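Colleague: Okay, these came from TrEMBL:
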| type | residues | note |
| --- | --- | --- |
| ACT_SITE | THR219 | active site, nucleophile |
| BINDING | ARG247, VAL248, GLY249, ASP250, THR270, GLY271, THR272, GLY273 | substrate binding site |
| SIGNAL | 1-27 | signal peptide |
Amino acid sequence: MPSPKRSLLISAGLVALVAGLSGSQLAAGATAVPGEAPPPGPGVRGVVLAVHGGAGSLPRGSLTPEQERAYRDGLTKALRTGYELVKDGKPALDAVERAVNVLEDDPNFNAGKGAVFNTDAEHELDASIMNGKDRRSGAVAGVHHTKNPISLARLVMEKSPHVFMAGKGADDFALRNGVPFTPQDYFWTQRRWDQLMAAKGNPPAAAGAKAGRSEAGGTVGAIALDGERGIAAATSTGGLTNKQVGRVGDSPVVGAGTYADNRTVAVSCTGTGEVFIRGVAAHDISALMEYARMPVTKAAATVVNQKIPALGATGGAIALDARGTLAAPHSTKGIINGYVTRDGEIKTRLYDDETPPE
Ligand code: ASP
């Protein structure tokens, strides 16, 4: 039983959440004013696949034209790959896995090749995938030698009696299932190395990196809707720069970083993983839709822009309902993302001002 004082704090937090107060207002002890949160944006309609490349901030002018092209090309390739599958009548699960594979193979993103370094200058990779039709899921954490962790997560789901495998056991399971061994060197990139050095207090001349979350986190995710009204979600990441060895974020935690249920929504989150785990963020979006009958835009904005900041962190999510409405709220300045509509129209959004915060 919580103490009376704790109960009071809990109720104050809930009232503030309903009233739409931000975390900083909460921290400053602002009085909760009953009322509705500002209405979220309308979302994007007719979407069959969306991807993200991490929450953070990418102001205009922060990329060279070549870098901008590389990011947009990477997102576009992932969207095209998934779209072709959905168009061919393949399940949403295939589309999210393959879209994430493309981003895992792209050194610009913090997943697979290009993953960040932990405090021991190693890469430990996390991923999870979930199928909305039967709510089966698979997840891996702290893998060292698997090129495409999202495909290993799917293998765990389909070829083992388990949902979540970690560390050496997960890498061994990959080998036993014919997944080739990938040396750690494969994941190395200069940019992530510079970010590690900066986080350890040795900034290289050209680097602007900080400890923890970088300018744009780089975690990747995909959500898709197939011709059978099935939805699926997938998330893959190297985690946070300079994370402690063994640290696991939200991305491989089903219900926190990833969730899919055909009755509600497919979600992939990005942000400070510790808080997304405590907020059970992805499932909370689904729960608001299931129990409070909120539309996806309102449910996703409530969790990302109110609940998570109230718990002390920032981030973003992409969420797609079974009618094809996409929400991409973020309490960071921006979220790298893109989507493709039913008729094949692709849009990529990199800069902070390209995706509305709600
Ligand atoms: N959520 C990821 C983690 O905490 C990081 C990110 O999305 O940037 O591992």
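Each residue, glycine too, has its Cβ placed from N, Cα and C.
Here the structure is a predicted model, which means the values were calculated and not measured.
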Colleague: Among THR219, ARG247, VAL248, please name the recorded positions whose Cβ is nearer than 6 Å to ligand 1.
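Modeller: Cβ under 6 Å from ligand 1: THR219.
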Colleague: Taking only C-alpha atoms and a 10 A limit, tell me which of VAL248, ASP250, THR272 are near the residue listed as 'active site, nucleophile'. These are the binding-site residues.
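Modeller: Passing the 10 Å Cα cut: none.
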Colleague: Taking DSSP as the reference, which of helix, strand or coil describes THR272 (substrate binding site)?
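Modeller: Reduced to three states, the DSSP call for THR272 (substrate binding site) is coil.
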Colleague: Give me the count of other Cβ atoms within 10 A of the Cβ belonging to THR272 (substrate binding site).
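Modeller: If we count other Cβ atoms within 10 Å of THR272 (substrate binding site), we arrive at 22.
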Colleague: So the record assigns ARG247, VAL248, GLY249, ASP250, THR270, GLY271, THR272, GLY273 to substrate. If I measure every Cα pair among those residues, what is the longest distance in angstrom, as a whole number?
Modeller: 16
Colleague: Provide the number of Cβ atoms within 10 Å of the Cβ of GLY271 (substrate binding site), excluding the reference atom itself.
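Modeller: That number is 29.
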Colleague: Once near-sequence residues are set aside, which residues in the chain of ARG247 (substrate binding site), 6 or more away, have Cβ atoms under 8 Å from its Cβ?
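Modeller: For ARG247 (substrate binding site), the qualifying residues are ASN118, GLU124, GLY239, LEU240.
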Colleague: Taking DSSP three-state, what's ASP250 (substrate binding site) in: helix, strand or coil?
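Modeller: Looking at the DSSP assignment, ASP250 (substrate binding site) belongs to neither helix nor strand, so coil.
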Colleague: Counting across all protein chains present, how many other Cβ atoms fall within 10 Å of the Cβ of the residue listed as 'active site, nucleophile'?
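Modeller: Excluding its own Cβ, the residue listed as 'active site, nucleophile' sees 37 Cβ atoms within 10 Å.
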Colleague: GLY249, GLY273: which of these binding-site residues has the highest Cβ count within 10 Å of its own Cβ?
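Modeller: Within the set of binding-site residues, the most crowded position is GLY273.
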Colleague: Within a 10 Å radius around the Cβ, which one of these binding-site residues has the most neighbouring Cβ atoms: ASP250, THR270?
Modeller: THR270
